[in-house]
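Novice: Here you go, one structure.
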Amino acid sequence: MSQENKALFIIFGGTGDLAKRKLYPSLFRLFRKGNIREHFAVIGTARRQWSNDYFREVVAESVASLNPTKEDLDEFVSHFYYQAHNVDNTEEYQLLGQLADSLDQTYDLNGNRLFYLAMAPRFFGTISQHIKSENIMTEHGFNRLIIEKPFGTDYKTALQLNEEISASFKEEQIFRIDHYLGKEMIQNISAVRFGNNIFESLWNYKYIDNVQVTLAEAVGVEERGGYYDQSGALKDMLQNHILQVVALLAMEAPTVFSEEAIRAEKINALKSIRIYNEEEVKENFVRGQYSAGRLADTEFTSYNEEPGVDPNSQTETFLAGKFLIDNFRWAGVPFYVRTGKRMTEKGTRIHIVFKSTPINIFRDSNDLDSQLPENVLTIYIQPTEGFSLTLNGKEVGDGFNIDPVRLDYRHSQDNLYNSPEAYEKLILDCLKGDATNFTHWDEVANSWKIVDGIKETWEKETTPIPHYPAGSMGPECAFELLEKEGHKWIWEPDAWYKNQGLLD
Ligand code: BG6
């Protein structure tokens, strides 16, 4: 059994989707491993009038797929309490405070409190302010605030939101979730880079030709059309997840592997990303929206027919772009990124494309310019997890032909099954007070500064948004973006489907 942590969790938005899909199952896994066991309690709050019993039933249902024993389940849900709550009503915070104090006593929680705001950001300010003014924070334990994205809609609104929260919580008490940072293979980026001299010594403009980051999703907007239509891929995926991945790939080696040292290097990396003017945005970023499409036997409707989406919407469900990082390590190396909904396959992959050898000594005398295939290091983030490296070798047999081979390592199914889910890891980190895998305000601020220029340029755009058929890997312009620089996307899951006639 792991070491037990003592804490009271107060979950605002306790009846919501995130709580049911992610938070309660994560808490249950932590319970089963002993990270929380006897000395914990959870207060779920939301506007609805639920009883403790009903709340416990909902929690039990949300962890059912984890196959709990009856004994474990009964014990686990007995730690859950529900309190109906209107976030604007001061008196109700006092009731919440009383319940918190009494649970603190009952379960001997040492005054440790974790406030989880699983709600729309417009409520963050008022909730955090009331937590402080109504004394729901304790003096003798820890008080930590976990918040979900989106953190603002641009730099200005993010700053304002941060000021509201910071009036009650200090930066070291604020844990901004980016669930990508809880993923096993995202954390593995640092291991690959800083644990292997064969890579770290080559990790710069001299040896790396380009870097490609793909966060592709096969799903459409599902039931989140209303939210997504206001957000789009830029704010939903690039401002947070993609820029975090780029920062981890681009940062300098920290002197030690500590929260402060890693953070400082990530912030430096983000500060080095070139902020584009309007012309440069047009040159370096493209967007798209999915139209109806077919992949194998499945037909998909277009984005603008999804529930909750404006039929004339110009919101991007796809984007691709090139970042440049203006420092000694990366001068001139393109970092290509792309993300989208309704793409061919779900897959998050990073490709580090190394420069070819200076001369191809195996070339044909009729083709003196021919180059050897580049070495590519691939980091598979999800759904498959692992690494591969392509190398050039000699083709077996007569003559002397070069044949690329791939060294491939994937985590086994057992590893995948046992590996903790992102939210589970992040909640545990927060219990331990480790903010390494959370986003500091300085990171949020710099990410918005990078994104704002792109957002403003697109808002001014008068030509209709380019479309791509659902099931494809994005609009034409996303391929041209690389082609014009003599590059191409390494990952082409659409190629197989096209060859088979399963994708137009
Ligand atoms: C979320 C976005 O942050 O990440 C969603 O809001 C997206 O739109 C999701 O689907 C992707 O996460 P994952 O873990 O499935 O890659």
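Using N, Cα and C of the backbone, Cβ positions are placed for all residues, glycine too.
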Novice: H179, K183, E217, K341, K346 show up in TrEMBL as binding substrate; which entry in D236, D364, D367 does that record put in the same site?
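Specialist: For substrate, TrEMBL names H179, K183, E217, K341, K346; of D236, D364, D367, the listed one is D236.
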Novice: Among the binding-site residues H179, K346, which residue has its Cβ surrounded by the fewest other Cβ atoms within 10 Å?
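Specialist: Looking at the binding-site residues H179, K346, the Cβ with the fewest others within 10 Å is that of K346.
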Novice: Could you check which of the binding-site residues D17, R47, D236, K346 have their CB within less than 6 A of ligand 1?
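Specialist: Once distances to ligand 1 are taken from each Cβ, D236 fall under 6 Å.
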Novice: Return the residue, from the listed binding-site residues D17, D236, with the maximum count of other C-beta atoms within 10 angstroms of its C-beta.
Specialist: D236
Novice: Tell me, what is the mean pLDDT of the domain 'Glucose-6-phosphate dehydrogenase C-terminal' (191-489)?
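Specialist: On average, pLDDT over the domain 'Glucose-6-phosphate dehydrogenase C-terminal' (191-489) sits at 96.
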Novice: Give me the Cα-Cα distance between K346 (substrate binding site) and R47 (NADP(+) binding site), rounded to a whole Å.
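Specialist: Pair distance, Cα basis, whole Å: 35 Å.
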Novice: C-alpha of D236 (substrate binding site) to C-alpha of T15 (NADP(+) binding site): distance in Å?
Specialist: 23
Novice: State the Cα to Cα distance, in Å, between H241 (active site, proton acceptor) and H179 (substrate binding site), rounded to an integer.
Specialist: 8
